[in-house]
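Novice: Features from TrEMBL:
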{"type": "ACT_SITE", "residues": "Glu137", "note": "active site, proton donor"}
{"type": "ACT_SITE", "residues": "Asp270", "note": "active site"}
{"type": "ACT_SITE", "residues": "Glu379", "note": "active site, proton donor"}
{"type": "ACT_SITE", "residues": "Glu404", "note": "active site"}
{"type": "BINDING", "residues": "Thr490", "note": "Ca(2+) binding site"}
{"type": "DISULFID", "residues": "Cys333-Cys365", "note": "disulfide bond"}
Amino acid sequence: MLRLGSDEIKSRRFARSIPYPCLVSDARSESGGVSRGEHKSTYAVKSNVRLRVCPALPMMKFAWDNYRRYAWGKNELQPLTRNGHTGSMFGGLRGASIVDSLDTLYIMGLNEEYEEAKEWVETVLDMSTNGEASLFEVNIRYVGGLLSAYYLTGEEVFKRKVLELGDKLLPAFNTPTGIPRGVINLGSGTSWSWGWASAGSSILAEFGTLHLEFVHLSELTGNPVFTEKVMNIRKLLNKIEKPHGLYPNFLSPATGNWVQHHVSVGGLGDSFYEYLIKSYLMSDKQDEEAKKMYYSALEAIESNLVQKSPGGLTYLAEWRGGILDHKMGHLACFSGGMVAIGADDGQPEKRQHYLDLAAEITHTCHESYKRSATKLGPEAFRFDGGTEATATRLSDRYYILRPEVVESYMYMWRMTHDPKYRQWGWEAVEALEQHCRVESGFSGIRDVYATTPSHDNMQQSFFLAETLKYLYLLFSDDDLLSLDDWVFNTEAHPLPIIRQNCSPERGGAPGIEATGP
Ligand code: DMJ
């Protein structure tokens, strides 16, 4: 098993006493100025350089303060009615916004807020709950959030809590194939499939989005069981016959066969592909199997799903048994960033091709924002009947504070330093401030094409975990959570790359010696 040594952890821990400045000295940038939510900085600046100050910090403070005031301990804030939302995804677990925000608060240097969040985790977060929990959601938000908080701060409490939670997820894997079911009762360990999933199937994006966190759970415990569970999933997916090399979204945990042939890089499929390339990167580029599976999957996606519209926009269609549905979801917009971070490690002659593809996808997603009245993008946009990058159905017009588009801006910025990505991030900030900020927090909107938006009354926890974190990183220096050292899980929780050369002599084995900050 790969080991992450204590030296490794210590060296990557944050110097929290110095809040990261998040100041941008970008001489090439065209527009300046912050409107609402302006963050006044005291950092010295050179007068001949046009500066921007990270706007995500005051947005985070505002979102957090309102959550704290009106919804403390609940999962999410309902900012219009000023109360907490519990929801049914976390099986009785509470405080999703707190756990999802720990690392964002910490990297932004919001120290008091972080301390209060930590204290809540220590004294209130209760893992012995009953109820219907999504294995996927609990993994990406709670396991991912606690792991990140531990790696960034070295605080033992996060390690203790995440190990307690990790054990509670294991019964979901007790199926004939070892492919976990989607829902688990954290108290009884009973698990079952989502009622809406065809024929008791499990969802690719759910059982395929456990790898990063589970490998780290094994790293922390020294217990290989977590890695074994996800390697078993990997093995089955690697072996099974794939239509045109594609991975359909539904698989039976009983038989290990595909249940139907719907393929998507958006909802139901998305983060499975993301975790292949990130597993490779997180293993310090040792996980050759993940690498091979990622590039083959990408090849199949390019041959079967990638399309060019008459207007020249590159998009990812969905595939239903060979028939294309010319629709791209907001969720699929993460793939600009994914293709960009994988550009360097494929065949060398394809590097530029992947960077171009990543840029084209990100451009299309930006167009979906640009073509709306609010300058925020719809849940899904289409490329048919003369439509390009626009939602045609009423039911696809909403925006729920999702991160995927700004996520790709952040990765594209880091890979290319083309100032247009910061410009686009800036536009997103202005649109969020104008249309999603309400008196007591941020809210999603029901129709991005309406000039007077109607709010959905939900401040999603991923807005604090992801959208604001990616915006903060977009306007920060590259060495803040450098991509050379960290990979982000699909909820934007940074996990350290596990170095191969971390030998026992360097204090690397057996496992991590956790120490306080
Ligand atoms: C987040 O919980 C994660 O990014 C997940 O992978 C997809 N959906 C939401 C955000 O849109």
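Every residue, even glycine, has its Cβ placed from backbone N, Cα and C.
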Novice: Find the shortest Cα-Cα separation between Glu137 (active site, proton donor) and the recorded positions Asp270, Cys333, Cys365, and name the residue that gives it.
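Specialist: Spatially nearest to Glu137 (active site, proton donor) by Cα position is Asp270.
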Novice: Write out the long-range same-chain contacts of Cys365 (disulfide bond), meaning residues 6 or more apart in sequence whose Cβ is under 8 Å from its Cβ.
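Specialist: Residues satisfying the criterion: His330, Cys333, Gly336, Gly377, Glu404, Val405, Ser408.
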Novice: Out of Glu137, Cys333, Cys365, Glu379, Thr490, which recorded positions lie by ligand 1, with a C-beta less than 6 Å from some atom of it?
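Specialist: Near ligand 1, sequence order: Thr490.
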Novice: Distance check, please: Cα of Glu379 (active site, proton donor) against Cα of Asp270 (active site), rounded to an integer number of angstrom.
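Specialist: Here the two Cα atoms lie 14 Å apart.
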Novice: Can you tell me the CA-to-CA distance separating Thr490 (Ca(2+) binding site) and Asp270 (active site), as a whole number of Å?
Specialist: 10
Novice: Give me the long-range Cβ neighbours of Asp270 (active site): same chain, 6+ apart, Cβ under 8 Å, in sequence order.
Specialist: Ala205, Ser264, Leu331, Ala332, Phe334, Ser335, Thr490
Novice: If you count Cβ atoms within 10 Å of each one, which of the recorded positions Glu137, Cys333, Glu404 comes out on top?
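Specialist: Of the recorded positions Glu137, Cys333, Glu404, the most buried by Cβ count within 10 Å is Cys333.
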Novice: Can you tell me how many other Cβ atoms are located within 10 Å of the Cβ belonging to Glu379 (active site, proton donor)?
Specialist: 20
Novice: Sort Asp270 (active site) into helix, strand or coil using the DSSP assignment.
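Specialist: DSSP call for Asp270 (active site): helix.
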Novice: With every protein chain in view, what's the tally of Cβ atoms within 10 Å of the Cβ of Thr490 (Ca(2+) binding site), excluding that atom itself?
Specialist: 26
